[in-house]
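Okay, so here's the structure we're looking at.
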Amino acid sequence: MRWTTESAPRSTIRRPVARLAAAAALALAVTACGGGGGGGDAPADAAAGGEDTIVMGFSQVGAESGWRTANTKSVNDAAAEAGIELKFSDAQQKQENQIKAIRSFIQQRVDVIAFSPVVESGWDTVLMEAKRANIPVILTDRAVDSADTSLYATFLGSDFVEEGKKAGQWLLEQPESSAGPVNIVELQGTTGSAPAIDRQEGFAEVIAGNPNLKVIASQTGDFTRSGGKQVMEAFLKAHPDIDVLYAHNDDMGLGAIEAIEAAGKVPGQDIKIITVDAVKDGMQALADGKINFIVECNPLLGGQLMDLAKKVVAGEQIPPRVVTEETTFDQAAAKEALPTRQY
Amino acid sequence: MRELWRKPFWPLVVLLLLNLVLAPGFFAVRLQDGRLYGSLVDILHNGAPVALMALGMTLVIATRGIDLSVGAIVAICGAVTCAWIAASPDPTSPGAAIGGIGVALGLAVALGAWNGFLVSVLGIQPIIATLVLMTAGRGLAQLVTDGQIITVNNPLFSAIAGGELLAVPLTVIVAAAVYALVALATRRTALGTLVEAVGINPAASRLAGVRARTLIWTVYVFSALCAGVAGLMISSNVNAADANNAGLWLELDAILAVVIGGTSLAGGRFSITGTLFGALTIQTLTTTILSLGIPPEVSLVFKAVVVIVVCLLQSPKARALLGRRRRRRGAAGGAPPADPPPGPPTPDPDRADGAATPIPAQRSTP
């Protein structure tokens with residue numbers, strides 16, 4: 001008991017200090033999450049605007065990527081253009097912020113609520129409150145898993161399975177695919193996330209039609225450049241005969257390009273690369289010939305969202321699922337699109 | 001022979017043997033464009049950042065502290081360097097890279113000093129004090145990058161991870177040099193003993209004339225500096241700063257490396273070679289999962305099982321139980337009882353509570 005006895009009184013002296021520090025840390029964390037983007041509370045002024053302007057409450061996930069920032073900008077611009085008053089709230093990746101924001105939208109009696117759910121589950125209660133207040137809800141970009149589909153008017157977003165299919169379809173159409181066996185490696189997104197599961201599924205479904213096409217390895221790169229690079233390094237050592245890389249987003253593909261170059265191979269030629277997203281860095285690599293094909297995952301859904309909002313407020317019928325308008329890019333198309341690319 | 005199981009290098013040996021059997025070509029190393037190329041090189045190169053962070057963490061833990069903020073510091077340093085380079089008049093010039101690196105490392109030292117101030121001067125529990133920076137730091141990095149990934153194209157900056165000296169990646173050389181320096185400084189001078197003394201009993205060591213406050217302050221600054229260098233390596237490796245993901249959860253990897261290496265979280269003793277083996281074990285595990293093609297859905301379970309087995313075999317109680325079972329089975333088979341059943345693990349005279357030292361690193365030599 002040499003040091004325990006001695007340090008015991010010390011720790012009692014320290015305890016209030018530690019407690020104070022804990023409180024300070026907590027306060028810091030709360031301000032860090034609540035500050036900045038306006039937090040969960042939407043501005044309380046302007047009760048529901050004028051008679052004929054539509055007021056939309058929009059709760060965004062956060063600002064975690066260039067894709068998301070472009071998405072926010074698109075919604076803001078489209079609202080201004082359509083003459084819809086937008087109450088914007090940034091949830092900073094937290095569901096509780098988002099629920100708070102939706103409740104505040106309900107209290108302010110907005111005409112329509114739109115939001116990109118941070119997670120899939122746990123929305124039934126707050127969506128029920130919106131339904132009781134007769135405020136239609138539009139989901140954007142991400143879905144919720146509520147069994148009761150009457151809780152929201154529609155879900156506007158990308159079809160990730162379709163994106164995977166488009167990637168597979170391009171590969172099917174390449175002359176090499178009919179010539180002989182093609183060895184494919186796949187860089188998956190974060191394990192268990194909807195885009196990773198769906199993009200894998202759609203791709204696998206399409207390439208199953210051609211026995212030449214075989215996925216010889218598939219690992220997660222967590223949607224990051226570092227992850228993509230590290231996994232590709234291991235792939236290149238374990239499989240000397242890779243023909244095609246399919247990456248679930250541009251960033252992993254960009255990391256993999258560095259690994260391929262370090263292995264003395266030429267990305268885009270020795271190994272063909274297909275990615276999804278079409279962010280600016282990815283489009284640049286496509287224009288430079290390092291990537292062969294990019295399936296777009298379009299964040300610019302503001303225009304479509306405002307159209308749907310007008311229709312649902314006017315009481316028109318809208319389909320329960322609306323897919324974002326999306327395209328694909330090959331190298332020539334990328335060169336053309338790059339100068340005007342917004343994100 | 002049984003002592004051998006206590007050494008921190010055996011999990012690494014087992015993993016490498018597994019690869020020798022199951023992954024042909026794992027040990028192949030060749031020259032590619034003047035740089036060594038192979039899975040073993042990948043392990044050293046990709047393991048270098050965590051190895052550095054774990055080195056800083058080892059000294060912090062030896063003083064009975066912990067530093068949770070290193071992952072956030074990785075993100076901050078990557079973000080600051082890339083933002084600096086991108087904002088400079090000529091983003092490809094060496095001057096831009098040197099400026100960015102200088103500012104980032106200076107900031108790392110300042111953040112380490114902040115941690116050290118909270119712990120040594122204000123006496124805040126290390127886990128809370130560094131938690132502040134862990135939460136706020138990543139936000140700071142996101143503020144610097146505006147939440148975007150900043151891509152840079154600077155030859156000098158990309159040489160940190162992409163360059164090599166005599167075909168060996170610079171990351172490996174830097175990490176090895178820092179390890180050698182710290183090993184020399186702590187084992188060839190009194191510094192190591194002083195750090196251990198502070199970890200065993202800060203009050204007594206202070207009364208004995210050890211400048212505990214300065215020492216504690218120094219180890220937090222050193223830990224942050226290591227994390228800063230690791231951050232430069234990580235962002236240079238992909239020529240981009242990703243404030244959301246760079247260094248995410250790496251503080252836990254660093255702590256795990258320290259624990260696998262045999263340093264007790266209770267402080268007071270540490271093993272630098274053990275930490276090095278711990279860090280290499282973690283990276284080898286990752287590379288093994290990738291080269292064996294273990295599906296991502298089960299790879300986390302695989303990792304967890306390996307870590308549990310390693311920790312169990314390092315625990316004296318678990319080992320004693322295992323030994324007793326084996327002996328009992330031997331006796332039932334008709335063999336003469338070898339030696340009397342072992343009692344409870346030998347109490348450690350250095351530990352006040354009489355418990356056996358969980359992980360005997362330094363004094364376990366037979």
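Heads up, the Cβ atoms here are built off N, Cα and C, so glycines get one too.
Annotation comment: TrEMBL describes B:337-347 as compositional bias 'Pro residues'.
The region 'Disordered' feature in TrEMBL is assigned to B:324-366.
Look at TrEMBL and you will find B:44-61 (among others) tagged as transmembrane segment.
Proximity of distant same-chain residues to the transmembrane segment (B:68-87), defined by a Cβ-Cβ separation under 8 Å and at least 6 residues beyond the stretch ends, is recorded for 49, 53, 56-57, 96-97, 99-101, 103-105, 107-108, 111-112, 115, 127, 130-138, 140-142, 144-145, 150-152, 154, 157, 223-224, 226-232, 234-235, 240-243, 246-252, 254. If you look up TrEMBL, you'll see B:68-87 (among others) marked as transmembrane segment.
Feature annotation from TrEMBL assigns transmembrane segment to B:93-110 (among others). Outside the transmembrane segment (B:93-110) by six or more residues, the chain places 73, 76-78, 80-85, 154-157, 160, 221, 224-225, 227-229, 231-232 with a CB less than 8 A from a CB of the stretch.
Sequence-distant contacts of the transmembrane segment (B:156-182), counting only residues of its own chain at least 6 positions beyond either end whose CB sits under 8 Å from a CB of the stretch, comprise 31, 34-36, 41, 44-45, 48-49, 51-52, 55, 59, 81, 85, 94, 97-98, 100-101, 226, 229, 232-234, 236-237, 239, 272, 276. Annotated transmembrane segment per TrEMBL: B:156-182 (among others), in sequence order.
Among residues of the same chain six or more beyond the transmembrane segment (B:215-234), those with a C-beta under 8 A of the stretch's C-beta atoms are 48-50, 52-53, 55-57, 59-60, 62-63, 65, 67, 69-71, 73-78, 81, 101, 104-105, 107-109, 111-113, 115-117, 119-121, 160-161, 171, 174, 178, 194-195, 198, 202, 246-247, 250. Feature annotation from TrEMBL assigns transmembrane segment to B:215-234 (among others).
Annotation source TrEMBL lists transmembrane segment at B:246-267 (among others).
Taking Cβ pairs closer than 8 Å, the transmembrane segment (B:274-294) reaches residues 8-9, 11-12, 15-16, 18-19, 22-23, 26, 39, 42-44, 46-47, 50-51, 54-55, 57-58, 179, 253-254, 256-263, 302-303, 306, 310, 361 in its own chain, all 6 or more past its ends. The feature transmembrane segment is assigned by TrEMBL to B:274-294 (among others).
Taken from TrEMBL, the feature transmembrane segment applies to B:300-318 (among others).
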